[in-house]
Amino acid sequence: MSIQTKQNINVLSANMHNASIQTAIEQLISNQSLSYTQSKALFDEIMQGNMSDIELSALLIALKSKGEISDEIAGAAASMRENALAFNTTRNQLADCCGTGGDGSNTINISTTAAIVAAAAGINMVKHGNRSVSSNSGSADLLKALGINIEMTPAQAANCLEQTGFTFLFAPQYHPGVRHAMGVRTALKTRTIFNILGPLVNPAAPEVQLLGVYNPNLCLPMAQTLRTLGTKRAMIVHGSGTDEIALHGPTTVVELNNGNISEYTLNPSDFDLANYSLEQLTGEGPQYNANVSLAILQGKGDEAHNAAIIVNVAALLYLSGKAQSLKDGAHKVHTLLSSGQAMNTLNAIIEVSNG
């Protein structure tokens, strides 16, 4: 093949690439949604560094203006999972609990502490997370403050899961392609689809997920997205202004049960718990939050802090089939916390992750 022919093919390929992006942007501006396949193809281009900043800015804003639907979110998430560093394990029925963040509540690290307690309760927890974006302390910040190695290789992470029932996958390490979008995301200074993709792109593809969202309108599309991605059991929650199961008011829930989706409301009484104010769960920096987590794991936690962990782990036990109901799960977690056994799990995680 001549050099001129190769150059012509490259030009043709570039023109086709630009045309498909332009078509997608015009489609979105016309208020027409992208298909799962279109979205996945576009995000493959982003993850592989093949989209210019101007094209990416236009695409993200056009998506945001129209409003992302589940097929668009699922296509983007599938692309990110496919382009991620692989994580393999012999364990099955993996679970994760996390939130989108962005609710402005700055609580203690509830889902991260809950993940350690859930591991102590016999659930295979693969926590996928990052450093703080919208709060005082992200999951990675807390785990590092507790002495856990947050930058394990995939082999080390798999070993940690198999030895302790818990592991951590540090998002920047597993999703190198996201760096291609960082400049645009920083410059735009507004929420985009990337703000909701974090909880959906765990490289372990967990079968069970407890996912908190900052806006109740995201509950249903996120459940539909997880169904498309193959998740078996999930609860998408928004608790009275927070991306958590609330203790200070009602929680909107959309539950995914092997393809079936149902919607309902939960209150603390559904866990046999009293109500607590959001102020009672206020967190600070990583070291303060780590001390709070240590107290909880040692069985010396504040009542409100314990309650926040109980509702999350109870939901995970229910979703994993290890509790008959949320109340049954809550009683199991209360007993576990009182025993201080969860501290043994943390110590094992610290030892194995640094080994």
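The backbone N, Cα and C atoms fix where each Cβ goes, and this holds for glycine too.
Annotated features, as they stand in Swiss-Prot:
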BINDING   GLY99, 102-103, THR107, 109-112, 127-135, SER139  5-phospho-alpha-D-ribose 1-diphosphate binding site
BINDING   GLY99, ASN130  anthranilate 1 binding site
BINDING   SER111, GLU244  Mg(2+) 1 binding site
BINDING   ARG185  anthranilate 2 binding site
BINDING   ASP243, GLU244  Mg(2+) 2 binding site
Please report the Cα separation of GLY99 (5-phospho-alpha-D-ribose 1-diphosphate binding site) and GLU244 (Mg(2+) 1 binding site) in Å, rounded to an integer.
7
Rounded to an integer, what is the Cα-Cα distance in Å between ASN130 (anthranilate 1 binding site) and ASP243 (Mg(2+) 2 binding site)?
16
Please tell me which one of the binding-site residues listed here (SER111, HIS128, ARG185) sits closest to GLU244 (Mg(2+) 1 binding site), measuring Cα to Cα?
SER111
Near ARG131 (5-phospho-alpha-D-ribose 1-diphosphate binding site), which residues of its chain come within a Cβ-Cβ distance under 8 Å, counting only those 6 or more away in sequence?
GLY138, ALA140, ASP141
For the binding-site residues THR107, ASN130, which one has its C-beta crowded by the most other C-beta atoms within 10 angstroms?
THR107
For ASP243 (Mg(2+) 2 binding site): intrachain residues, at least 6 apart, with Cβ closer than 8 Å:
GLY99, THR100, GLY101, GLY102, ASP103, GLY212, VAL213, TYR214, VAL237
Give me the non-local Cβ neighbours of ARG185 (anthranilate 2 binding site): same chain, 6+ apart in sequence, Cβ-Cβ under 8 Å, ordered along the sequence.
LEU60, THR192, PHE194
Nonlocal residues around HIS128 (5-phospho-alpha-D-ribose 1-diphosphate binding site), in sequence order (Cβ under 8 Å, 6 or more apart):
ASP96, CYS98, PHE168, LEU169, ALA171, TYR174, GLY198, PRO199, VAL201, ASN202, PRO203, ALA204
Using a 10 Å radius around its CB, how many other CB atoms surround SER111 (5-phospho-alpha-D-ribose 1-diphosphate binding site)?
27
Run through the Cβ atoms and count how many others sit within 10 Å of the one on GLY99 (5-phospho-alpha-D-ribose 1-diphosphate binding site).
27
Indicate whether SER111 (5-phospho-alpha-D-ribose 1-diphosphate binding site) is helix, strand or coil by DSSP.
helix
Under DSSP, is GLY99 (5-phospho-alpha-D-ribose 1-diphosphate binding site) helix, strand or coil?
strand
